[in-house]
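Trainee: Right, I'll just put the structure down here and ask away after.
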């Protein structure tokens with residue numbers, strides 16, 4: 001069965017509406033999809049390669065958006081920090097770094113609007129380290145610098161960057177996050193962690209329950225990816241944390257987007273802040289990114305994905321899905337048919353997620369399947385393609401997903417969004433976010449027609465059959481709870497066609513009249529209240 005799928009990559013033409021609007025079609029059997037000339041709104045290139053995994057440090061090779069004329073040595077930064085920066089090839093600053101570092105060194109509060117990939121990690125880490133170094137902050141003084149980030153992976157990444165930047169300083173660094181060993185964290189906090197990186201839930205837990213955790217001397221507080229922190233439901237935790245922190249502190253808040261909730265958090269945490277924004281924010285996605293979409297009927301979605309991945313085995317690709325179960329199924333299926341993939345999703349154990357993350361970071365090629373848990377802030381070097389197999393729930397998440405590419409020394413990357421014909425209205429929401437996206441055409445006759453083999457495999461393999469049913473059910477449930485009901489209406493789907501992409505000739509039974517859970521209702525309410533984007 002493996003051979004019957006993997007070898008049947010050049011079957012006869014498959015007649016179905018491809019909805020192409022341009023005259024220039026693209027052969028999926030070529031290494032890459034080409035962007036049609038009629039809609040060429042592509043951007044320029046950027047990024048700054050380094051030895052450490054700063055998710056944000058980027059240079060614009062054209063010198064027009066992110067790269068500034070300032071050097072790190074132009075600022076009042078101590079020799080130990082400059083030495084560490086130089087060792088990691090950080091000489092020139094990005095625009096957000098050049099704008100943020102001086103006022104932060106002066107002790108001012110900063111409200112920064114910076115998209116992923118603008119350089120903000122170093123923009124707040126360097127001033128924090130400098131302040132604590134200058135005042136000779138020691139472990140016995142407790143925590144003097146605090147950075148809150150939305151996810152465990154991003155927190156770990158900031159921690160790794162911090163270790164490199166502070167390698168010649170006497171100050172200590174620590175990390176607390178959900179999924180880690182709490183007792184070990186408690187031991188280190190009591191011993192004294194000068195610069196602490198944390199996720200909101202675990203931090204609040206330690207603040208309320210860990211005796212000997214000293215944070216009354218806090219001098220510098222940073223909220224990173226504030227919009228994402230609020231989006232995933234940490235608003236109450238953030239409010240409690242801010243109330244517990246000492247009032248006499250410096251605070252900076254960074255966010256890619258500013259919603260009413262972010263503004264509320266800024267008012268609560270900042271005092272007379274300076275608002276800083278990098279130029280070029282009118283383009284929501286980073287420079288150097290070629291991005292497009294394909295219109296694909298439901299029954300052809302998996303075959304298109306299969307063909308694309310099979311013909312790009314030498315590329316580094318991230319594929320995004322709407323649910324953990326869908327990631328799990330496609331991971332099992334693709335590996336079964338000899339397309340090696342890795343996966344990251346919320347149901348995997350933290351240790352397994354980190355192992356996969358580090359492995360994919362070091363790889364020069366390979367395919368990573370993931371949910372949005374990996375979309376925001378993570379630095380995975382030199383990703384060639386971002387494939388959004390399922391459109392995101394929030395249009396803003398499109399930006400965060402594609403922010404995983406157009407990095408590395410060349411500063412180039414590509415992104416492709418799969419849309420069914422009934423989902424084309426999603427493009428209007430992207431346009432309202434100033435995202436310019438091109439149409440990718442493909443030759444339908446070149447897609448590997450493996451549908452019959454897929455259905456036979458799913459029918460005969462009990463494990464894959466069960467996994468596929470769970471993925472199909474989760475896909476429909478994600479559709480049911482989608483924030484953009486005017487476009488993603490589960491009742492408008494042709495379920496037989498959708499089921500084919502999961503390997504079923506007859507759709508498995510799924511109750512489409514189940515009321516949304518309280519969590520789903522809360523998420524929809526928040527979206528409609530503060531994040532709704534109008535066409």
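Quick reminder: no glycine exception, Cβ is built from N, Cα and C everywhere.
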Trainee: Using TrEMBL as the reference, determine which range in 70-98, 99-127 is annotated motif 'Q motif'.
Mentor: 70-98
Trainee: In TrEMBL, which of 1-57, 172-228 is tagged region 'Disordered'?
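Mentor: That would be 1-57, the stretch labelled region 'Disordered' in TrEMBL.
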Trainee: In this predicted model, what is the average pLDDT of the domain 'Helicase C-terminal' (288-458)?
Mentor: 87
